[in-house]
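Trainee: Here's a structure for you.
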Amino acid sequence: MNNVRVIVAGPRGKMGSEALRMIEKEEGLELAACIDRKHNGEQVKDLKGLPAFDAFIYEDIEECFQAVEADILVDLTTPAFGYKHTKTALEYGIRPVVGTTGFTTAQLEELTDLAEEKELGVVIAPNFALGAVLMMQFSKWAAKYFPDVEIIERHHDNKLDAPSGTAVKTAQLIQEARESKQQGHPQEKETIEGARGADIDGMKIHSVRLPGLVAHQEVVFGSSGQNLTIKHDSFHRESFMSGVKLAIDHVQKLDVLVYGLENLLD
Ligand SMILES: NC(=O)C1=CN([C@@H]2O[C@H](COP(=O)(O)OP(=O)(O)OC[C@H]3O[C@@H](n4cnc5c(N)ncnc54)[C@H](O)[C@@H]3O)[C@@H](O)[C@H]2O)C=CC1
Ligand SMILES: O=C(O)C1=N[C@H](C(=O)O)C[C@H](O)C1
């Protein structure tokens, strides 16, 4: 069987470099090229700290797609570029696997329509770590019995988007399981704006950004006389890679956009 040819956008990033190491280890995957903001025309092997791939680096995504034969784009960049890259990949018939977070609902809807129109699979997963996917599923289940819930997510201080994609997805899953609910005291007032965190359908999300952290989330459910906390920690970005591989395997058989890795699990 032919190797699956993958283009990685964001190869020098924390996730992108981990994805290159995963591709290096996995039989059946081949790095076709990379898309980066810098190093146009250089090879991946020329860059310090990255695996010794001969694949070329392109700054212009369209130039890359015109020059290189590829099956899949793995995007691990920033919200603005991730969206543009995903859209461009679909226009060139390349299936995107997207870990980049921070897309708006309108952008997700637009990409869903484009995937349908092109009959091409897309996987967008706010979290590729299996433990985090289970945390979200367990939280959805718990919300049926414990509708009062707050989410505390903690990340490294280089993260651009807040709240995290995982926290938003968790809140959306909980929303599916419980009635809409305004939590806390009805006359509650913030004396300092933001004190109660972000709000999705009455659920509060608190975002912590500190050096030393990787990716962590607690979903805290409250009920009279008891609390239930569902917690997940990613201590290393390797934790996301089996999910990226799973998405690469599945996206080739899909002809629609799938949002969330849970949709690919048995
Ligand atoms: N879905 C998941 O499981 C996970 C998702 N993420 C998300 O992945 C994204 C990347 O995260 P990190 O690797 O931690 O960030 P990072 O800041 O370490 O890496 C981002 C990379 O994107 C590159 N980049 C920026 N603009 C670009 C462009 N126009 N073309 C090509 N490359 C460009 C930057 O040079 C940088 O190397 C974020 O949105 C983050 O939230 C992070 C961890 C897990
Ligand atoms: O930026 C990160 O690091 C992470 N981003 C994703 C998110 O926004 O949920 C996934 C994970 O939490 C790590």
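Cβ atoms here come from the backbone N, Cα and C positions, even for glycine.
Checked TrEMBL, it gives:
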- His155: active site, proton donor/acceptor (ACT_SITE)
- Lys159: active site, proton donor (ACT_SITE)
- Gly10, Pro11, Arg12, Gly13, Lys14, Met15, Gly99, Thr100, Thr101, Ala125, Pro126, Asn127, Phe128: NAD(+) binding site (BINDING)
- Lys38: NADP(+) binding site (BINDING)
- His156, Gly165, Thr166: (S)-2,3,4,5-tetrahydrodipicolinate binding site (BINDING)
- 131-265: domain 'Dihydrodipicolinate reductase C-terminal' (DOMAIN)
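Locate each feature and note its surroundings.
Mentor: The secondary structure of His155 (active site, proton donor/acceptor), as reduced to three states from DSSP, is extended strand. Around His155 (active site, proton donor/acceptor), a 10 Å sphere centred on its CB holds 22 further CB atoms from the protein chains shown.
Long-range C-beta contacts of Lys159 (active site, proton donor), restricted to its own chain and to partners at least six residues apart, with a cutoff below 8 Å, comprise Arg209.
The 10 Å shell around the Cβ of Phe128 (NAD(+) binding site) contains 25 further Cβ atoms across the protein chains shown. Mapped onto three states, the DSSP output places Phe128 (NAD(+) binding site) in coil.
Shown in sequence order, Arg12, Glu59 are the residues of the chain, 6+ apart in sequence, with a C-beta less than 8 angstroms from the C-beta of Lys38 (NADP(+) binding site).
In the three-state DSSP classification, Gly165 ((S)-2,3,4,5-tetrahydrodipicolinate binding site) falls within a helix. Cβ neighbour count for Gly165 ((S)-2,3,4,5-tetrahydrodipicolinate binding site) (all protein chains, 10 Å cutoff from its Cβ): 20.
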Trainee: Which binding-site residues out of Gly10, Lys38, Gly99 lie by ligand 1, going by a Cβ under 6 Å?
Mentor: Gly10, Gly99
Trainee: Have a look around Arg12 (NAD(+) binding site) and count the other CB atoms within 10 A of its CB, chains all included.
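Mentor: There are 18 such Cβ atoms around Arg12 (NAD(+) binding site).
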Trainee: Using His155 (active site, proton donor/acceptor) as the reference point, find which of the binding-site residues Gly10, Gly99, Pro126, Gly165 has the shortest Cα-to-Cα distance to it.
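Mentor: Comparing Cα positions, the closest of these binding-site residues turns out to be Gly165.
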Trainee: Using Cα coordinates, what distance in whole Å links Gly99 (NAD(+) binding site) and Thr166 ((S)-2,3,4,5-tetrahydrodipicolinate binding site)?
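Mentor: That comes out at 11 Å between the alpha carbons.
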